[in-house]
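**Q** There's a structure below that I have some questions on.
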Amino acid sequence: MVLINRVNIQPEELPLLYHVNSMDVYNLLQDIGSSKIIIDLRTKEQYEKNHIRTSVNIPPPPSTTPLYENGEIKEFNLSKYIGSNVTAKHWNLIFQKLIVYSDKPFLYNIDELEKTISTTTITTTATTTTTTTTTSNSIGSDQDIIKSLKVSDWDKVVLRHFLLKKKKTKVIIYQGGFDQFQKDYSFMCNPSSSPSSSSGGGGGSQLYPSEIIKDFLYLGGAENAGNRQQLINLKITHLVNMAGELDDVYPHLYKYYRANLDDRPKANIYEHFEPVIQFINDCKKQGGRVLIHCAMGISRSTTVVLAYLMKEDHMTYSDAFTFCKQKRSCINPNFGFVKQLKDYQQHLTLEWEKQEKLKKQQQQTLNINNNNTGIPLSKKLQLDVSDPLSNSSPSSPLISSTLPIPETPPAIILKNEVASPCPIKTTTSSTTINNKGQQQDKAQEEKDSIFSYADKQEKMTHPTLHSPIELPQSSL
């Protein structure tokens, strides 16, 4: 038997508050897996003009509030004020998540908030046992009375109140502001004059599909696939129908991939992984958006979404599942599909290992080729000047007016012998001495004297840069 020291077991420390972006708020609105409340802290006029659907308004107190003077309210009971909204009255007892937004980002110091909340909690606990009172600036007094509330600090004050009173409720703030959300998801906003404040952009009160990849991949059920207005709002161009019992509703309007698959553990969903991934990538290349669905958006459609994430983003099954569940909390592939996904992970791992091994081999071959390209300098020079008029090689230097340095010292030349290291052409030119007597004298001089190869070079003439080297013709 293994004994566990319970003294060392500490509960996971949760963050004080959470931050979300526009897509997260959109997905939270579709989440049926947890209870939530959305709080709008803007003015009543702004809220009535337009707001995120299903949100409730907790506006700053109006100037008609008792003890209101110069933008401040004396002796303000914040808990009672929030409780005047029936939906928000018991928010910390009913809801698992509280999402709060305003018309601008929240300005706060997290260290200051933690210190204030910690101090207020200790003071409140001491008050219940010693009947001491808290400071005038405390939010957490027995009667939740704020001695002096500045209306301009409304967002900050309410946020501190929620953090202080949250219990097990997660406090989530959306920093983008209403205007940003309306820009990204206008169909998820409604004016108060709308017949149903929970309806959304022609989609009625029905939930939209979850957004797995921003502006590209959506996961949902049959109701989403059959709702033309939702497809228009989301700009869907392709659909993947993983349910054999469902017909393609708009085959004349959208491109479909149909799987005809039952939600049974023994059903072969593996064979659809590669074709579906190819279909999704084709949609991406065309700049489209794809909705992947089955009957409920829980098992079959989720499985192929996970397969796509595993291959395209090199995720493990576990990582892909966690990522997808953060976007859609109700996903739950059956155990047979989970096994096939894990088999697919092994297949992908082998493929990645082969690719990595091939890359290493190619790199090693490249390194060897680079190391074996060393050629003696003298041979390179000979290669470069073997054809002085050719410049086909971009690395060849311009033709110089001097000959390349020979690899070995020049040989001694007697009479009409030509040194082999230097490619010398003997031609007749306009500069040749025409006087026969001079030619004979020069020939006699060649017979009687021995000169080195270097001295002979000095006697050579070069009429032009590209003309061949000329030697005087001997009469012998």
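Glycine is treated like the rest: Cβ placed from N, Cα and C.
Take a look at what Swiss-Prot says about it:
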- C294: active site, phosphocysteine intermediate (ACT_SITE)
- 425-436: compositional bias 'Low complexity' (COMPBIAS)
- 442-461: compositional bias 'Basic and acidic residues' (COMPBIAS)
- 32-190: domain 'Rhodanese' (DOMAIN)
- 208-350: domain 'Tyrosine-protein phosphatase' (DOMAIN)
- 425-476: region 'Disordered' (REGION)
**Q** Sort the residues of the domain 'Tyrosine-protein phosphatase' (208-350) into helix, strand and coil with DSSP and give the three counts.
**A** 66 helix, 25 strand, 52 coil
**Q** Within 10 Å of the Cβ of the residue listed as 'active site, phosphocysteine intermediate', how many other Cβ atoms can be counted across all chains shown?
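**A** A count of 27.
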**Q** As a test of reading the model: what is the averaged pLDDT for the domain 'Tyrosine-protein phosphatase' (208-350)?
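**A** The average pLDDT of the model in the domain 'Tyrosine-protein phosphatase' (208-350) works out to 97.
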